[in-house]
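To keep things clear, I will list the structure first and then write my remarks on it.
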Amino acid sequence: MKTVCITITGKVQGVFFRASTRDKARSLGLKGYVKNQKDGSVYIEVSGEEMKIQQLIEWCKTGPEEANVENVSVIELNQPAHEMSFDIVH
């Protein structure tokens with residue numbers, strides 16, 4: 001199990017990025033959460049198989065149809081894996 005945080009910048013709020021991320025992560029069997037940041041970015045913390053996380057990262061580079069992603073940064077976290085489902089945090 002691997003845990004990473006992903007920060008996505010660009011036009012990523014108000015375009016269903018969080019809901020689409022939740023759906024994609026759940027379909028991949030990943031655990032964690034997604035939330036909007038005050039600076040306009042979207043923050044994801046996700047745990048799961050490395051290959052599945054990589055698929056989510058690749059998806060984040062485009063995101064939902066209305067999004068305009070400028071940058072995706074990924075940092076590996078040294079912490080216990082998330083064990084709950086994948087949710088939207090407000």
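Glycine residues also receive a Cβ, built from the backbone N, Cα and C atoms like all the rest.
Note that TrEMBL annotation is computational and uncurated.
From a predicted model like this one, the values you see are computed outputs, not experimental measurements.
Non-local neighbourhood of Arg18 (active site): Val34, Lys35, Asn36, Val42, Ile88, each in the same chain, at least six residues away, with C-beta under 8 Å from its C-beta. The active site feature in TrEMBL is assigned to Arg18 (among others).
Within 10 Å of the C-beta of Asn36 (active site) we count 17 further C-beta atoms, all protein chains included. Per TrEMBL, the feature active site maps to Asn36 (among others).
Residues or ranges marked as domain 'Acylphosphatase-like' by TrEMBL: 3-90. Note on the domain 'Acylphosphatase-like' (3-90): its mean pLDDT in the predicted model is 97.
Note on the domain 'Acylphosphatase-like' (3-90): DSSP counts are 22 helix, 34 strand, 32 coil.
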